[in-house]
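Please read the structure below before turning to the comments.
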């Protein structure tokens, strides 16, 4: 095994061994959402999305005796009003009422409008499935809002492709967007991180013009679904530079992936300073995934989760893609343990109902890449540099943007001043009377009050032209750049 491909270390001295059943343990401030019915839905015999993976994952979590370390919560069902917080009323009504039988009598145009077809079929119980997987994300966000838990886990959630008015990529309701909207009620800034192999397009689209949500997606790019997520796609309007896309080529390995991931997320955490984080853990970025093209090991995928946990921010952890059923269950069970700070045995417990299903019967078997890494060091370095440069641009844009409204007022007032450039003197008064005192900024004699001039020695501030204002703003920006250590960077 080459130096580049050496095994990735996961556990450290801070991780505790799992105590035998019946032993008193310290409960972590973690909520784990699951509902016994969520894995019993069926997209179709040949469809790659298998909700049963959630049942197998939960069985491993129970077999490793992890429930005693956390608060297990039954996922609630959302109602139509909860889902309509983001999705259009027409689309919600469709999801709520459509059945496989009624879909047969619908026109092709109607089904096409909601993007119903091979990827997103109508199947029995579809509405119940949507309300269950989204319920944990919305209620989990509320638990974080009210500081009931530090971390919330909802493996059934993370369906990041669904749009406001249509299904997409096996996703019908975008539980991530609903959860973030809930978090924004109590948190000024939310960071969304996506390690699914597919671009988190539905979430970026929902918050593309927002400066309160930063979306960061690490995904396979090129001729690959959904085809979006270019590094130059950085958000629009107020949300410009608040979307970070990290487009990767096929078969990326552990070490370069983790180096890139940790560098970018560390920078975003320091500069954006989120008050809460949502992490989508699509396991289709693992090596040997049925639909994936990356070459990540179980340890590397879990290391990304561990790094985000180390940021010590209120955290919601969600599932997502993953189409090799055994490996999805292994991955999310392992990451449940990582979140709890537990060192897990690599041998799957015999108490698991599905232990015979795993061959080999290991939690972290070696996965074998079948392609060479298409990500050259030069390409990865350019991706990292472009992303970090965008962070600098975002900070500068944010500094300019913070005064945008003030600038607008400045322009209006300077135009007025240039038309009426005079100082109104107070009416003459007797020498015995003292000058009238005015509250700050309300002296009718002072044009300079609009610009925050100090009275200094008591004289009136001189009127200023628009060019004066612009020059002062340039000087202020240079001072801020010096304080931030940007030096002579463009």
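Start at 1 and count along the chain as shown; that gives each residue its number.
Keep in mind that glycine also has a Cβ here, set from the backbone N, Cα and C atoms.
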Segment assigned the feature region 'Disordered' in TrEMBL (from 1-23, 24-46): 1-23
Binding-site residues clustered about residue 161 (active site, proton acceptor) [Cα within 10 Å; pool: 119, 169, 196, 198, 284, 323]: 169, 198
Cβ packing number for residue 119 (substrate binding site), 10 Å threshold: 17
Fewest-neighbour residue among binding-site residues, criterion Cβ within 10 Å, set 196, 284: 284
Separation of alpha carbons, residue 169 (substrate binding site) and residue 198 (divalent metal cation binding site) (Å): 9
Residue among the binding-site residues 169, 198, 323 whose Cβ has the most other Cβ atoms within 10 Å: 198
Separation of alpha carbons, residue 323 (substrate binding site) and residue 284 (divalent metal cation binding site) (Å): 6
Sorted by sequence, non-119, 169, 323 residues with Cβ within 8 Å of centre, substrate: 48, 49, 161, 170, 171, 225, 291, 321
Cβ within 8 Å of the mean position of the Cβ atoms of 196, 198, 284: remaining residues of the chain near divalent metal cation: 197, 219, 220, 282, 285, 291, 292, 320, 321, 322
